[in-house]
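The following features are taken from TrEMBL:
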- 12-34: transmembrane segment (TRANSMEM)
- 54-75: transmembrane segment (TRANSMEM)
- 87-105: transmembrane segment (TRANSMEM)
- 125-142: transmembrane segment (TRANSMEM)
- 149-167: transmembrane segment (TRANSMEM)
- 179-198: transmembrane segment (TRANSMEM)
- 210-228: transmembrane segment (TRANSMEM)
- 279-300: transmembrane segment (TRANSMEM)
- 307-326: transmembrane segment (TRANSMEM)
- 453-472: transmembrane segment (TRANSMEM)
Amino acid sequence: MLVSDVNSPSITLSPAYGALAAAGGAVSLFATYWDDAWHTDIGRDTALIPPHLALYGSVAVVGLVVLGWGLVALARTRSIRAALRQPGLLLAGLGGAVTLAAAPLDAFWHDAFGRDAVLWSPPHMLVVFASTTMAIGLLAGLRPTRRGMVEAALSAVVLGSALMTVLEYDTDVPQFSQILYLPVVLVSGLLTVAIIRALVPRPYAVTRGVAVYVAMRLIVVAALILIGRSTPDLPVAVVGLAVADLPWRGDVARYGATGAAVAALAWTASALGVASQPAAAVGVVAAPVIVVGVALVLATSWRTHPVWATAAALLAGASMLMLGPVPAANAHDPGQGQPVTSVQLTVVGDGRGNVRLDAVAPDAGSQLAADRIVARRGGQTLTAPLDEIGTGKFTGTIRLPEQGRWFLYVEFGRAGETVEAWLPVDSGWQGTTSAERELYVPAGTQPPTATQIGSGATIYAVGLILFGLALIQTRRIVRRRRDNPA
């Protein structure tokens, strides 16, 4: 059966179909990391590449579970309003619908404003908000199980969806200032902890969800290694969220300690080289967060304030060391426009940050004028001259000062416009690598228009409203369960 018995006070999602939805969510998580690795290692491709197909299929499975749940609820209640009052169904339905709607919206965005590979672009973030809301709805509507394994699996899906906000940091392709990594992890993680604790009233609910999520991420790493793709960082900082399950004296101490634990683990992982974020960038935020978190634990007499006050205090503490100007939020990839021709790129690294980039474009050599080499990573942009050494042959050398993966571009002038191609390269890499890439006209290099700004703000607003509804509905569901215990 898709739902619980008719005599139940509410029409809940059965554990079997909850497990199916969790499995779909896990495959979606893997497909998203696979897709990111595909675009980093290979470049852009068609809509029907394997990671896209895996992502579409997994989302379709979860959508069918939500659709079946909604149809059964409608048949049982014979009222749309009554069906949508079932715990979690409204959230799962809205989240699923917006996730599906985001696909054509993303295509429209790229057609109107240029193709991009930036996760924080409005259509992409709408998917993050919507998929997180759908996962929250499934967790909220699940019929309780004896061992809590399905709850843990769906909790992991909620956590995985929320932490998609830092996917590009976890995969060492930061688009924006790396100082922003830890604040986003803290906000996403603490909100997820609050949601799991509210919807799964059993001991160690957060720890179980974190354990399943970490297992999922380890499987992702192993699978990507097997297929020869770039792998994400190990989720060390996320383990700190389990601190929320310890017997703290009040929510302020609980969330203060949890934030401090996440910050400490993130900083440690960066310092040890386990995470790709520079320890200095993480430490700018981690140090004050740890101080504020410990202070909140000590101030256990402050009990009357909700978790939101704690989150605000953590962010306020972090801002104390962030008063200086933050680097401009420039993505490594401004967007791809019209393709021109293919170019053979060869990168030679000496292991000390000195990199030579050779480019061969025999089909368009006479039409290309050497411009420059550009290296981009996390809001930083470095440039170096590009020299022509023969017809259709170019070379240039640049020094990369910071460890991590950089995107190395070769830029040419052609008929009054700029064309470019790129390869990812690690600053500490030693050796030679070569690949054929597409030389294209960059899109999105002009300042955003009022239409683009307005459209982006509207899309973000829809996503935030949807997630806000999820928080409101979560509070209502918890209150209803407390007032009407089974």
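Using N, Cα and C of the backbone, Cβ positions are placed for all residues, glycine too.
Bear in mind that the values here come from a model prediction, so they are computed numbers and not experimental data.
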Worksheet item: Which range out of 125-142, 210-228, 279-300 gives the transmembrane segment (453-472) the most CB pairs under 8 Å?
Response: 125-142
Response to the item:
Beyond a gap of at least 6 residues from its ends, the CB atoms lying under 8 Å from the transmembrane segment (125-142) belong to 12-13, 15, 18, 21-22, 25, 28, 59, 62, 65-66, 69, 86-96, 98-99, 102, 105-106, 119, 150-151, 154-155, 157-158, 161-162, 164-165, 195-196, 199-200, 459-460, 462-464, 466-467, 469-470, 473-474, 477
Worksheet entry | Other parts of the chain folded back onto the transmembrane segment (179-198), taken as Cβ under 8 Å at six or more residues beyond its ends | 136, 139, 155, 158-159, 162-163, 165-166, 169, 205-206, 209, 237-238, 240-241, 244, 255, 258-259, 262-263, 266, 277, 281-282, 284-286, 289, 307, 310-311, 314-315, 318, 322, 326-327, 470-471, 474-475, 477-478
Worksheet item: Which bits of the chain, at least 6 residues beyond where the transmembrane segment (12-34) starts or stops, bring a Cβ under 8 A of a Cβ in it?
Response: 1-4, 50-52, 54-55, 57-59, 61-62, 65-66, 68-69, 86-88, 131, 135, 138, 141-143, 145, 150, 153-154, 156-157, 160-161, 164, 167, 171, 216-217, 219-220, 223-224, 227, 229, 232
Item to complete: Could you name the stretch, out of 87-105, 149-167, 279-300, with the greatest number of CB pairs under 8 A to the transmembrane segment (210-228)?
Response: 149-167
